[in-house]
């Protein structure tokens, strides 16, 4: 293990959310890191600031590429790169072993008590919450998270303790080779239709992941979720609970249901401070009050997963509850962008806006369930304001497979804008368009297609017109998607005359 950690690893796609934290962890552990990427980014800048040589752009000639890889022991390639990518082919021609991220993770996490946090939704927030709790408890964990977390200084944390928190993705079988001491499954739904042909194949993948838990380990699951229940059934367990082990692994469930081992009741959002509050029960006994700055019932479920997991790692529930109160969220998870207080205002007012104002929130939601939960969280704190949603669909395959589910996801919105599909790794060979979604949405009636180039100008015009009405109680505007939609909020505020978040 020590030899592996001092290796020289060259990362292809080093600036991506999947590989950049692995590079940081390897570097912090005493290893040597180099890499390449197709484009510059803040993640690349962070690694360069730590002395990592990174080439940006097209693959160089054979001699230059060989010099670039001089001294490397292994090449780790992003899952986004095909096997015939020139740099993968060239690395193999040089005799270097090439590993995919999923193949490298078991080596990186060897020797740790691995906590693998999986699920179709909620992985990043749950991983971030758990890492913050374990750090506050003195366990000094190592962590790899799929989102930037300001309280942790980024998307990776290199600790000196024996616990490794890993956000574990099902895409491309990324979690298939892990051997966790604790596996967390937040929920299971059909996602990534480009690799999973149906919901059954997703459940099978999660069941295989659950079987990887080490003997004597723990499987922490949301017992309320039908997809999780189906996975447990596939594992041979007839229902969620805490009385039977699966393959010598204790199953610990959480949720809102009366039978859950960890349960939240009396969930409310208080109007005065927008805090989410609940009472937490363990085995039917009240253990304390949960207070979160992050909104929504789904955030309460994430917190329950953290409570269950941290307790198994020796952290007192009371201490976990105290730390969770301080959690401020992960990037692009109901993230505040800024306020604009109407046509007469060009300065903004910082952390709070009154009637007639615009508040912009950005969220990574790109699946119908995520859209629905984010809108429900927004409704809980809207206080009479209109909720406007701006969706950039992400990938043609997801859009096609889940089109009807998307159409039913907007009932908590007052107005919906759908812009052009973000292709990501795909090409448009399905003949679908964002207009196909607009035609299917029946609620709300105010649903529009706006092309990407025209989006910010159209939003700015509509916001000005709406907020010019003295009767307007204001707008809570959500930008949703996993692509470039995150740029829309700042650009909209700039177009309105204010660009600084409070």
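Backbone N, Cα and C define each Cβ position, glycine as well.
The annotation ATP binding site is assigned in Swiss-Prot to 119, 120, 121, 122, 123, 124, 125.
Every protein chain shown contributes to the tally, and the Cβ of residue 121 (ATP binding site) ends up with 22 other Cβ atoms within 10 Å. Counting other Cβ atoms within 10 Å of each Cβ, the lowest count among the binding-site residues 119, 122 belongs to 122. Counting every protein chain shown, 22 other Cβ atoms lie within 10 Å of the Cβ of residue 120 (ATP binding site). The Cβ of residue 124 (ATP binding site) has 24 other Cβ atoms within 10 Å, all protein chains considered.
Most Cβ neighbours within 10 Å, among the binding-site residues 123, 125: 125 holds that distinction in the structure as shown. Neighbours of the ATP site: apart from 119, 120, 121, 122, 123, 124, 125, residues of the same chain with C-beta atoms within 8 angstroms of the site's C-beta centroid are 117, 126, 186, 187, 302.
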